[in-house]
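K.L.:
Grabbed the feature section from TrEMBL, which reads as follows:
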| type | residues | note |
| --- | --- | --- |
| TRANSMEM | 12-35 | transmembrane segment |
| TRANSMEM | 63-84 | transmembrane segment |
| TRANSMEM | 114-132 | transmembrane segment |
| TRANSMEM | 175-198 | transmembrane segment |
| TRANSMEM | 210-232 | transmembrane segment |
| TRANSMEM | 262-286 | transmembrane segment |
| TRANSMEM | 298-321 | transmembrane segment |
| TRANSMEM | 383-404 | transmembrane segment |
| TRANSMEM | 436-460 | transmembrane segment |
| DOMAIN | 631-689 | domain 'CBS' |
Amino acid sequence: MSHMNFRCLEISRWVVCGLIGFLTGLIACFIDIAVEELAGIKYQVVKKNIENFTEVGGLSISLLLWAVLNSAIVMVGGIIVAFFEPIAAGSGIPQIKCYLNGVKIPRVVRLKTLVVKVAGVICSVVGGLAVGKEGPMIHSGAVVAAGVSQGRSTSLKRDFKIFEYFRRDTEKRDFVSAGAAAGVSAAFGAPVGGVLFALEEGASFWNQMLTWRIFFASMISTFTLNIFLSVYNKNPGDLSNPGLINFGRFPVDGVAYNFYEIPLFIAMGAIGGLLGALFNILNYWLTIFRIRYVHRPCLQVMEAMLVAAVTATVSFTMIYFSNDCQPLGPEDKKEYPLQLFCADGEYNSMATTFFNTPERSVHSLFHNQPGTYNPLTLGLFTLTYFFLACWTYGLAVSAGVFIPSLLIGAAWGRLCGFLLAAITTPAPLWADPGKYALIGAAAQLGGIVRMTLSLTVIMVEATGNVTYGLPIMLVLMTSKIVGDYFVEGLYDIHIKLQSIPFLHWEAPATSHWLTAREVMSSPVTCLNRIEKVGTIVDTLSNTSTNHNGFPVVVQVSGSDEPEKLCGLILRSQLIVLLKHKVFVELARSRLTHRKLQLKDFRDAYPRFPPIQSIHVSQDERECMMDLTEFMNATPYTVPQETSLPRVFKLFRALGLRHLVVVDDENRVVGLVTRKDLARYHIGKHGLEELQLAQT
């Protein structure tokens, strides 16, 4: 390629990142508007029904209506996920973390997955489950990035003949990083937080230009969402909706904190770590139960409907028995205040938390005036929502855990603020419950997902106030340290339960005494530099050894020494060679035979045909294939005595999938794969429980 071609390629990368940001912002806008409209209709219908039956009696009919509506909507979301695309279940963040880590998870970035994800998350939130729509946005952005960057859709069988250079793993993974960052940016209105999320949670490879492109995609994403939501809210040009979740602005003069409050914040961080660890442990055992007993799609849909009905029943019961009545102010007109048994001009305070979308509930806990909730309301809400959210995460529906975590933390954080104000009578000016709701929300979310750097910036950007940067950082660090003492983060637990060979930033602390010899797989299936076609077909067809990389060896002529390593070739490359019948005999007999080009490999990417679909006749099996010009002639190799941490760093930094182990004379003695390394990442639960879960 010429210098000008390289410049054009760099411009293409910026164009792709801009498209990723724009489309991710549009999807976020569609989800937000759909949820607002559908949830508004549902809550208005239920509210009208409750108001009618409050006067004449028979509120059990209102409960039945609420439960049936929730179950019906969630049933739709559950069916499309369980029966059509199971990989779209959950938030998708663990899967995207693994993809960026270098693990190719089937179907994770397909168009069908995106459609099911978007429709599923709308049904989950409108269906009243204890979920958020922010987590799935990260998965949605990643799918958009994977599709746009390839310039074609394999699902729709359309090739636009653009961006062909990007049809390879390294380029695609960089763009998926940008898509994940754009998803965070659209969800929270936090473009810098999105960049840091991609850095902290995902990408193995990083450089300065990649940082700029990811930041550009994040800014375009939040700007696109802002523009379209301003038009939807009938305020064109008013860019005050940067993300799906709007924490509201915390005024600088109204949320000051004192130096002696910092120990209180750190204590709240410890509480968040403990509650987060409890949440993760309960969800871990619940997930094992689901793996064993709730694995059929029909059972998964029925469980989702049961959770929806129970959520509606618990919410209604809490509201029914609550006598926490508050005066109805003018600021409450946009929500769905329920009067129930309160006097005229008053509303049921419990209803502002349960009878609402989770995002609105978070906003009200942050900004409602002191005295809006009594401590019993906050305590009961924290307790019930904690267990509902724990039960909900892991269902066969598209759902995120960010907002439920924030909501639980905001409730007990506000309770802490109330108790502090009650103890110090008269209440000091700094005992603002909204401030403690924010700190509690950060502590709870940090205790569950264990993110520190990116989450600090996301919270600061979402609140629009840098004043609380230090307390939020201290709280998140404390919650992570306390939580990690008991159990791993929620995403890491689910990655481990799915048996995905995920590699963390550092090698296990106890691995320094292990060497490559002790972790490698052997004996290794090798191919000769000039190999018989029948041998290659049999090797690829062998289901017991579903390898993806094959060392290529050569016999030194006129000697009895074992074969020495001369290269490495991939399964996908061999399949393309077989498909195009690149055989030595055919090349000699056909002078006009077209030479295989790099484009042929790119056109087959990423869905290389299975070996069973390639027909090789009996005569062709006797032909020979020369792998010299197609193999990687300089693969990464390590000696047998290389320490495991060094092997680990090579995998992590270079994004390798296999590493050849050689002896002193460059003979192949073994092959280290990601699975070999992942075996040594056994968490607190131990390998036995993990194997138990899989059986």
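Note: Cβ is positioned from N, Cα and C throughout, glycine not excepted.
Predicted automatically and left uncurated, TrEMBL annotations should be read as such.
Give me the lay of the land around each of these features.
P.N.:
Within its own chain, the transmembrane segment (12-35) is flanked in space by residues 114, 118, 121-122, 125-126, 133, 137, 140-141, 144-145, 148-149, 163, 165-166, 175, 178-179, 182-183, 185-187, 213-214, 216-225, 228-229, 232, 244, 357, which lie at least six positions past its ends and keep a Cβ under 8 Å from the stretch.
The list of residues near the transmembrane segment (210-232) in space but at least 6 beyond its ends in sequence, with Cβ under 8 angstroms from a Cβ of it, reads 13-14, 17-18, 20-22, 24-26, 28-29, 32-33, 141, 145, 174, 177-179, 181-186, 189-192, 194-195, 198-199, 203, 238-244.
Nonlocal intrachain contacts for the transmembrane segment (262-286), taken as residues 6+ away from its ends with a CB within less than 8 angstroms of a stretch CB, comprise 386, 389-391, 393-394, 405, 408-409, 412-413, 416, 420, 436, 439-440, 442-448, 450, 470-471, 474-483, 485-490, 493, 497, 685.
Counting residues 6+ beyond its ends, the transmembrane segment (298-321) has Cβ neighbours under 8 Å at 59, 62-63, 66-71, 73-75, 77-79, 82-83, 127-130, 290, 338, 340, 348, 350-351, 354-355, 380-381, 384, 388, 391-392, 395-397 in the same chain.
Using a Cβ-Cβ cut-off under 8 Å and counting only residues 6 or more beyond its ends in the same chain, the transmembrane segment (436-460) has close neighbours at 184, 188, 190, 192-194, 196-197, 199-201, 247, 250, 265, 268-269, 271-277, 279-280, 362, 365-366, 401-402, 405-414, 416-417, 420, 466, 468-469, 471-473, 475-480, 482-484, 488-492.
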K.L.:
What else in the chain is close to the transmembrane segment (63-84), if you only count residues 6 or more beyond its ends and a Cβ gap under 8 Å?
P.N.:
38, 42, 45-46, 49, 112, 116, 119-124, 126-129, 297-298, 300-301, 304-305, 307-309, 311-313, 315-316, 395-398
K.L.:
Cβ under 8 Å, sequence separation of at least 6 from the ends of the transmembrane segment (175-198): give me the contacting residues as numbers and ranges.
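P.N.:
The answer is 16-17, 20-21, 24-25, 27-28, 96, 99-100, 109, 133-135, 137-146, 148-149, 166, 210-211, 213-215, 217-222, 224-226, 241-246, 402, 451, 453-455, 457-458, 461-462.
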K.L.:
If you run through the domain 'CBS' (631-689) with DSSP, how many residues end up as helix, strand and coil?
P.N.:
19 helix, 16 strand, 24 coil
